[in-house]
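What follows is a short report on a single structure.
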Amino acid sequence: VTNIAGASSSTHLLDLLEEPIPGVGTYDDFHTIDWVREKCKDRERHRKINSKKKESAWEFTKTLAGVIDIVADWMNDLKEGVCLSAMWFNHEQCCWDSNETTFAERDKCPQWKTWAELILGQAEGPGSYIMNYFMFTFWALSFAFLAVSLVKVFAPYACGSGIPEVITYIDQTSSSNRFYLILEFLDNVHGLSLGKEGPLVHVACCCGNIFSYLFPKYSKNEAKKREVLSAASAAGVSVAFGAPIGGVLFSLEEVSYYFPLKTLWRSFFAALVAAFVLRSINPFGNSRLVLFYVEYHTPWYLFELFPFILLGVFGGLWGAFFIRANIAWCRRRKSTRFGKYPVLEVITVAAITAIVAFPNPYTRQNTSELIKELFTDCGPLESSQLCQYRSQMNGSQAYSEGSDAAATPGVYSAMWQLSLALVFKIIMTIFTFGLKVPSGLFIPSMAIGAIAGRIVGIAVEQLAYYHHDWFLFREWCEVGADCITPGLYAMVGAAACLGGVTRMTVSLVVIVFELTGGLEYIVPLMAAVMTSKWVGDAFGREGIYEAHIRLNGYPFLDAKEEFTHTTLAREVMRPRRNDPPLAVLTQDDMTLAELQNIISQTSCNGFPVIVSKESQRLVGFALRRDITIAIENARRKQEGIMLNSRVYFTQHAPTLPADSPRPLKLRSILDMSPFTVTDHTPMEIVVDIFRKLGLRQCLVTHNGRLLGIITKKDILRHMAQMANQDPESIMFN
């Protein structure tokens, strides 16, 4: 009776452990999360609060994106001069209220002063050129130093575009507030061949990650938090390009691992709110939502599909070449001493970029402004050198609107400058992307494609003008008829190059036509993007973000990659032959000292629980972190927990002698339904299960007996081995 009473009293005291233990169910930094477990937790939460259900807020502060656009434009123009009437105005805003500008010099105004005018008092001459050259380089180096210093001191995870990290984080990797909000507007003002649009996805996910902590529904469930981040990435693209629908498709196609229907409409709502706030701020100063609004006056014709497809081929070749060259350069940089000094590295690249970029007007100006100029259709109000055509009326130099005019030497000179700018952009983008600064790849890739497209467009335009009687042009390009729009070729080339680098398809086409407002030109965009993807895939199926995920050692299981091998689960599971036995726990015959000894001697993140060492029958699975937290919690709340205390995972405590120390019940942290497969399950099915269910680990059994375990990293190592790579050389960072 005493024993029974003692056991009953003991059980009553141990009921404290049935309460939720703080910290149990969470993850260590950079550990993969278990989507099945998180979904079960969310269903349990719904059952508990079903009677007092509350709606969650899906709000995202997109004012930050508008501020970034405005400040970035101001800081970029600061490299060339300053506005005397209002120091906070950029060049364009400074000239809005000017009444003294002439038609020939519409981009100049008395209120805007270059540094040479302010310091030397003269605007022309060798001395002024040298002074402007020096100040341009000085400001570029200053902004580059500020950006890399902020990254190094405050936010090391803000370097790069952030999209590979967002993809990996949303996929499975856990992290405790690893998203840092840094001054992302610095990424486009230091003169490097980079853009700010890519990191805006990172900024949006920073906001989503911070706001998710305000709501227990998302802060206590890693899977629900990733739904927030999926919507946040859509909002990031929406504010970066003014493309809300394209942002949702970008999150679906490129970023999100798990994208249910409710996340789709929530992402659409978040992108809608982001676009509305951006339109209210009006950062572009043109009362339009899109970044590069175009208004072409001629349709496209069937014969133009051939040059469009050629631009797609160029985009695919550029994408394949860039990925290989950039990855090779990043690996070489990591292995050299130069890569160990990120500040010196960034300053050196920024200095070379500024020195080489200044003499060429197309590399000196802001990349976004360059793309806008290349997209623009020539008209009477355009002062660009690319729009200097001869009028057919009197042969004098004038501005014309189409292919009914011959190009002047100014246009050919601009084409030579664009060709040099193309070579410069290609080289510097390869060596710049991957530096320790916030860096986007969308805008540089689009600039390369826009330059190539504009050159091809002008070439086709002049070919149609001088040979309008050819059978290709005879029907559409009559004398005096408009049939070629060079800006359209720039837009198609930009989409092709961006598609070749990222391997995006549907979302990219939608982003570009939302970006430009050119909905009727969606067929040329589709043809070029698909061609670029096919050509790029011929050299390698992974895009730049997947390549950097693999380069950085992130444990990411790409859903786009097919597993075609015929291996079985027993060939991949651990322990393998000659390995020590699998670390397991028994359900009711271990002491606390034995349990702590197993935990200290192994690095496993979890342990299978079996009935006994003899039977090897599987009971469940317990995570290392949960066990540690539960032990600490029991010692803090109860007395009598000793090293020789019996640990059990069963429903009722085993019968113990009267003088035994108080037992420790850990059933509350035990996963009673771990996912299992048999040892003869094909790995093709196992990989598909990991991808679609988001498993963290999978136990392998034979006739109910535990044989081993397969983790996500085991699968990645096996896939590397099947690709003739050394699996031990893969380091998961």
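Cβ atoms are placed via backbone N, Cα and C, with glycine included.
Caution: TrEMBL annotation is automatic and unverified by curators.
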Which is it, of 71-93, 301-323, that TrEMBL names as transmembrane segment?
301-323
With pairs 6 or more apart in sequence, are the transmembrane segment (228-252) and the transmembrane segment (343-362) linked by at least 3 Cβ pairs under 8 Å?
no
What are the DSSP helix/strand/coil residue counts across the domain 'CBS' (573-639)?
24 helix, 17 strand, 26 coil
Considering the transmembrane segment (343-362), which listed stretch of 301-323, 414-435, 447-468, 488-513 counts the most C-beta pairs under 8 Å:
414-435
Residues of the same chain, at least six outside the transmembrane segment (488-513), with any C-beta under 8 angstroms of its C-beta?
237, 241, 243, 245-247, 249-250, 252-254, 292, 294, 296, 300, 307-308, 311-312, 314-320, 322-323, 371, 374-375, 441-442, 445-454, 456-457, 460, 519, 521-522, 524-526, 528-533, 535-537, 541-545
